[in-house]
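Asks: Pulled the feature table from TrEMBL, pasting it below:
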type     : residues               : note
BINDING  : C113, H128, H286, C290 : Zn(2+) binding site
COMPBIAS : 39-48                  : compositional bias 'Basic residues'
COMPBIAS : 66-81                  : compositional bias 'Low complexity'
REGION   : 1-90                   : region 'Disordered'
Amino acid sequence: MAMSVATKLQSPAKPLSEGRGVLGPGGNRFRVSEEAKRKKEGLKKPQQHTKPPSEVPEAVVRNNLSFESSCSSDSSSSGSSVKMVNSRGRVKRNGLKPVKVVPDGVEVPAKRCDWITPNSDPLYTSFHDEEWGVPVHDDKKLFELLVLSQALAELSWPTILNKRDIFRKLFDNFDPSSIAKFTEKKLLSLKASGGTLLSEPKLRAVIENANQMLKVQQEFGSFSNYCWSFINHKPMKNGFRYARQVPVKTPKSELISKDLMQRGFRCVGPTVIYSFMQVAGLVNDHLLTCFRFQECNSNIKKDFQAKTEETEVLTNALENNCLSHD
């Protein structure tokens, strides 16, 4: 069927030459000239002379995708990952890891456990860096750490460390044989001078635990042998990544706590014992991100090798002694 009215076909308009896409603030979009917009919209406005945007060569754009922030001299770009913008204006990462730029001669602070902050007491920081988590085998030092762990129920580590010399003076440098001889009169004097540090039940517990420790030394040879026998004389390492993962007690601390209480020790609950295990190095609870985690592991390996060699020497000496008597 023929149409009654002829339709006038319009030839498509000649496409305007458009510029190359540039990386503008709004994204990687093509900017169309104002004249093209007026023709498209049918508007008759005087042409405004605008400064053409500077174009970025494709080679520069491609190079920017592999350009690392560490190559830039601008410190504000350090630590930022390289991004690229697609044609829709969406920012997406190119998979490159951020690189931290550290100027020459600038010392980067060591990464510590999360509970140590830049505002932490310097004494507490040193305690974390040099003592906490290091395996201890000396009986007097183990008894000191047990007493300090008991004090955590009433005090914090920074407070305890700042008054550590007072603790040592009150308890004769944590000598169990000396503390076991404390009389009721001595206890009253401790209560008068050290009442602000520990409550009376805690003071009595220290004296009682010193007596029980002497019995453990007679049975096991040393308090160290007794403590380390629960973990086969080899420190445990957990390797937690976050502070919230570190427990306050474990089945192992519950086992040691139960055995100690059966022997007459006081104020040695599972939480106290786990704090003792941490500070005495029976368990390495430094976070994986902390520089002390690997250092303590290295010390543990050396200490374990030294103990093994010492055992072998004693064993050989006993065998030679037995052979000489045959």
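Placed from the backbone N, Cα and C atoms, the Cβ positions cover glycine too.
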Asks: Report the residues of the chain - excluding C113, H128, H286, C290 - with C-beta within 8 Å of the mean position of the site's C-beta atoms, for the recorded Zn(2+) site, in sequence order.
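Replies: For the Zn(2+) site, the extra neighbours are R112, W115, I116, W132, G133, L287, F291, R292, F293.
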Asks: Determine the Cβ neighbour count for C113 (Zn(2+) binding site): the number of other Cβ atoms within 10 Å of its Cβ.
Replies: 21
Asks: Measure from the Cβ of H128 (Zn(2+) binding site) and count the other Cβ atoms within 10 Å, all protein chains considered.
Replies: 19
Asks: For the binding-site residues listed here (H286, C290), tell me which residue's CB has the most neighbouring CB atoms inside 10 Å.
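Replies: Max Cβ neighbours within 10 Å, all protein chains included: H286.
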